[in-house]
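According to TrEMBL, the features are:
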- 1-28: coiled coil (COILED)
- 39-249: domain 'Yip1' (DOMAIN)
- 50-71: transmembrane segment (TRANSMEM)
- 111-137: transmembrane segment (TRANSMEM)
- 149-172: transmembrane segment (TRANSMEM)
- 199-226: transmembrane segment (TRANSMEM)
- 233-254: transmembrane segment (TRANSMEM)
Amino acid sequence: MNEKKELEKDMQEEMDNTTELMDEEVEEKLSLGEKLKYFFSEPSKTMEDLALNPIIYPIFIIAVIFMMLIIPKVNMLVDYSIPQIIESYRQQGVNITASELPATVITMTKVGLIIGGFITPLIGWVLNSVVIIILALITRCKGRLKGVLSVVAFSSIISVIGEAIRTIIALITGNPEVNTSLVSIGQLINPNMATDNPILYSVMGSFEIFNLIFLYFVALGLTYVYKISLKKAAAISYGNWALMVIIVLGIGQLF
């Protein structure tokens, strides 16, 4: 009889402890505002919370912000695209000047640029997440799929900051082609690098400062998702970047 009472007492204590732990986890869950605050002041705290309580929806907010950043410079981007549009007409045997371009073509170009501003970050999010998950599987890391999607999504805040800075510079200078990569240095040496050495241009373009910082934040998040060292997480995160560069270069060689 005494043994039964002791067993019931132990079970009750265990249930109480479990309840306390659950309460602690709820208390530790950060709000979106707190996640943002700690992302800049104490990023490891945000990443740990995202690994434990993953959320996906911020990537859609980020995509909307990207789209909104395209709108102020959409006319500049269209003007920048006009020579390419005219060239595509000429390849079809149609000689046309910028003033002769149909209004529908200009409108569709604007719409395409704005929609592209929304879709591009979503595609980048999916591709980065998929490659990271594959590399993690290869290196035998175990973690939550949603955790990876969450930290990659939230880390995209860095990409938004980069795009905002480039947009401000573009609006000030009137030039939509703003580089925050090694290309900006390379073009000082050779302004025609894009045509003279497209491979080098692509490689230097991949060393984009905000993208490299984004990858560091992803690596920090992966340490909590997969319970691995920062060194191994960085190898996966930057390995994803290196693989993407190789794929882009390979596709460039084919076409």
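Any Cβ shown, glycine's included, is placed from N, Cα and C.
Predicted, not measured: the structure shown is a model, and the values here were computed from it.
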Best-contacting stretch, by C-beta pairs under 8 Å, relative to the transmembrane segment (149-172) and drawn from 50-71, 111-137, 233-254:
50-71
Recorded stretch that, among 50-71, 199-226, 233-254, has the most CB pairs under 8 Å to the transmembrane segment (111-137):
50-71
Tertiary contacts of the transmembrane segment (199-226) (same chain, 6+ residues out, Cβ under 8 Å):
39, 43-44, 47-48, 50-52, 128, 132, 136, 141-144, 147-148, 150-152, 154-156, 158-159, 161-162, 165, 179-183, 185-186, 193, 233-234, 236-238, 240-241, 244-245, 248-249, 252-253
With a Cβ cut-off under 8 Å, give me the same-chain residues at least six positions beyond the ends of the transmembrane segment (50-71) that come close to it.
25, 28-30, 32, 35, 77, 113-122, 125, 143-144, 146-147, 149-151, 153-154, 156-157, 159-160, 163-164, 167, 221, 224-225
